[in-house]
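This is the structure I have questions about; it appears just below.
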Amino acid sequence: LCLSFPVPLALVLSCSVSFTLSLIHPLPFTLSRALSLSLSLFLSLSPDKDIIYICPFSGALKGKVFITNYRLYFKSADADPAVTLDVPLGAIGRVEKMGGASSRGENSYGLDITCKDMRNLRFALKQEGHSRRDIFDILFKYAFPLSHGLVRTHLLFSHLISLPPFNCIITTIVQEKCLIRSGLPNDKWRVTFINANYELCDTYPTILVVPFKATEEDLRKVCTFRSRGRIPVLSWIHRENQAVICRCSQPLVGMSGKRNKDDERYLDLIREANGTAKLTIYDARPSVNAVANKATGGGYEGDDAYQNAELVFLDIHNIHVMRESLKKLKDIVYPNVEESHWLSSLESTHWLEHIKLVISGAIQVADKISGGNSVVVHCSDGWDRTAQLTSLAMLMLDSHYRTLRGFQVLLEKEWIGFGHKFANRIGHGDKNHADQDRSPIFVQFIDCVWQMTKQFPTAFEFNERLLVTILDHLFSCRFGTFLYNCERLRSKTVSLWSLVNSDLSFYQNPFYTPESNRVLYPVASMRHLELWVTYYIRWNPRIRQQSPVEQRYIELLALRDEYLKKLEELQLSDSSPNSSHLSNSSTPNAASPTQHITHLHTPF
């Protein structure tokens with residue numbers, strides 16, 4: 001919905017420039033409701049201000065730009081077809097001034113905008129009269145509201161939508177349904193509400209599953225020996241062999257090699273619940289990093305202290321390495337792709353190498369569980385690499401999470417419920433683009449999921465469009481799903497799943513074949529991994545935007561709808577009195593219209 005109204009004179013004067021009220025809202029709503037929102041939050045630059053978009057593919061394009069508190073929208077005036085930009089302000093990571101009043105050269109004065117979704121934008125303006133000041137100030141204020149002390153209700157766009165948080169997935173309900181589906185609690189595992197008020201661990205969910213023999217006092221003692229109080233708790237249980245995936249953070253061993261008898265006994269209770277000789281502990285970090293963490297009070301489970309456990313390091317690098325790797329990838333895919341050195345350039349980013357290590361680690365976890373052995377997974381604090389490993393392993397082991405609804409539950413449970421730091425890793429509303437806490441951990445996970453969908457094209461109910469939509473709204477701030485660091489901090493906002501569930505067919509994979517007991521083991525080899533071109537290079541119009549498989553998706557969906565319509569028509573005609581008479585007079589072996597439709601073959 002895009003509506004334009006003249007702004008009251010007082011508002012014009014207060015902004016010292018002519019403005020137009022432009023309501024460009026991503027969700028449908030009534031005009032009265034739109035007008036009930038604070039008018040000052042929908043300031044948009046007047047369309048009579050000339051601006052030039054320096055397009056890396058089409059050159060300099062004159063046009064008009066509109067900026068609201070949700071998006072930056074540009075439309076060219078002299079190109080056919082028109083070139084448009086539609087950028088949620090949440091996707092903007094950096095805004096810089098380009099050139100000065102005395103700059104020489106055409107289009108040397110304006111703004112550079114760095115986006116979080118793999119693209120950069122450059123706008124040029126006339127140099128006289130500080131023409132870029134208004135655009136810069138508005139962008140800086142509404143793209144980075146947390147850095148400007150705006151009141152809580154105006155922090156991010158999701159807080160402005162005066163609609164009920166429909167179709168939200170409440171983490172507590174998700175946990176309860178997962179427990180019922182998994183056959184929990186049982187005689188080996190119990191549910192505890194010790195964290196009901198987030199007193200045990202402020203980044204954990206309120207409902208936890210722990211060994212049946214572990215008391216509440218045991219949990220409190222173990223909490224003191226695990227980083228951030230993130231004790232080992234059950235994440236998934238195998239319905240047949242009862243092997244479990246538990247997740248936690250590193251033990252606080254420190255340089256002195258401290259031991260904690262309560263922690264050691266607690267891990268032994270996890271092992272006993274499964275009845276195996278050894279409990280496997282998967283530490284996501286490289287061993288050298290785990291040793292180095294002792295200097296800051298962390299560490300890992302030593303053989304002398306945890307005698308009934310085996311420790312395996314998975315060599316997945318930390319958030320800083322992943323951040324630099326994605327930066328290198330962006331440099332080679334935007335704005336131009338250099339064909340002559342493409343393979344060597346891609347290799348130098350190490351992005352696919354990191355993808356390989358994450359998938360390889362998850363395969364080891366899934367394989368151990370399939371063999372009937374329980375595992376404990378952790379990294380340093382248990383909210384980055386740990387979430388990647390547990391959720392990917394669960395995708396491999398459990399076909400429920402490969403459905404559209406199940407995948408939503410997986411993200412809510414393993415990422416949101418267990419406290420992945422979305423706010424810090426993405427930097428929602430924060431101008432500090434150089435913050436060392438930022439890292440594409442969740443982007444990397446979705447990339448791993450995409451790799452699996454490529455290797456198993458019939459195993460997932462959802463398509464690539466769902467994964468791209470999730471990443472787009474990871475940055476957009478249109479929904480509250482990915483805005484916070486943990487469950488405790490979440491507020492009532494509209495959920496991303498309200499958009500997804502409103503039209504599930506848009507995200508469905510027509511090749512999907514349900515297989516309830518199939519375990520997926522993707523090939524974690526550089527020869528079988530691909531760069532996700534339709535996400536990372538989608539802004540380049542010279543790169544083919546739609547793969548042959550995607551085109552086939554669309555054709556098959558249209559063909560399916562056509563056949564279903566024909567089937568419905570034949571069934572209706574078959575149920576009419578005339579068709580009933582004809583049916584009774586036909587030979588016994590004559591096939592019914594429905595039978596004929598059943599044997600129609602889709603042309604491949």
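In case you wondered, yes, glycine gets a Cβ from its N, Cα and C as well.
Feature table excerpt (TrEMBL):
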type	residues	note
ACT_SITE	CYS379	active site, phosphocysteine intermediate
BINDING	ASN318, ILE319, CYS379, SER380, ASP381, GLY382, TRP383, ASP384, ARG385	substrate binding site
COMPBIAS	574-586	compositional bias 'Low complexity'
COMPBIAS	587-597	compositional bias 'Polar residues'
DOMAIN	169-536	domain 'Myotubularin phosphatase'
DOMAIN	349-395	domain 'Tyrosine specific protein phosphatases'
REGION	574-604	region 'Disordered'
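Map these features onto the structure and tell me what's around them.
Its own atom aside, the Cβ of CYS379 (active site, phosphocysteine intermediate) has 28 Cβ atoms within 10 angstroms in the protein chains shown.
Mean pLDDT across the domain 'Tyrosine specific protein phosphatases' (349-395) comes to 98 in this model.
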Beyond ASN318, ILE319, CYS379, SER380, ASP381, GLY382, TRP383, ASP384, ARG385, what residues of that chain have CB atoms within 8 A of the centre of the substrate site's CB atoms?
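The answer, listed by sequence position, is ALA284, THR386, ILE441.
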The record lists ASN318, ILE319, CYS379, SER380, ASP381, GLY382, TRP383, ASP384, ARG385 as binding substrate. What's the largest Cα to Cα distance among them, in Å, rounded to a whole number?
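Site span for substrate, by Cα atoms: 12 Å.
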Give the number of CB atoms, excluding that of ASP381 (substrate binding site) itself, located within 10 Å of its CB.
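Around ASP381 (substrate binding site), other Cβ atoms within 10 Å: 19.
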Quick check on the binding-site residues ASN318, TRP383: which one has the highest count of other Cβ atoms within 10 Å of its Cβ?
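Checking each of ASN318, TRP383, the winner is TRP383.
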Sequence gap of 6 or more, Cβ distance under 8 Å: name the residues on the same chain that satisfy this around ARG385 (substrate binding site), in order along the sequence.
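When sequence neighbours closer than 6 are ignored, ARG385 (substrate binding site) has ALA284, ARG285, LEU314, ILE316, VAL358, CYS379, ILE441 within Cβ distance under 8 Å.
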How do the residues of the domain 'Tyrosine specific protein phosphatases' (349-395) split into helix, strand and coil according to DSSP?
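For the domain 'Tyrosine specific protein phosphatases' (349-395), the helix, strand and coil counts are 32 helix, 4 strand, 11 coil.
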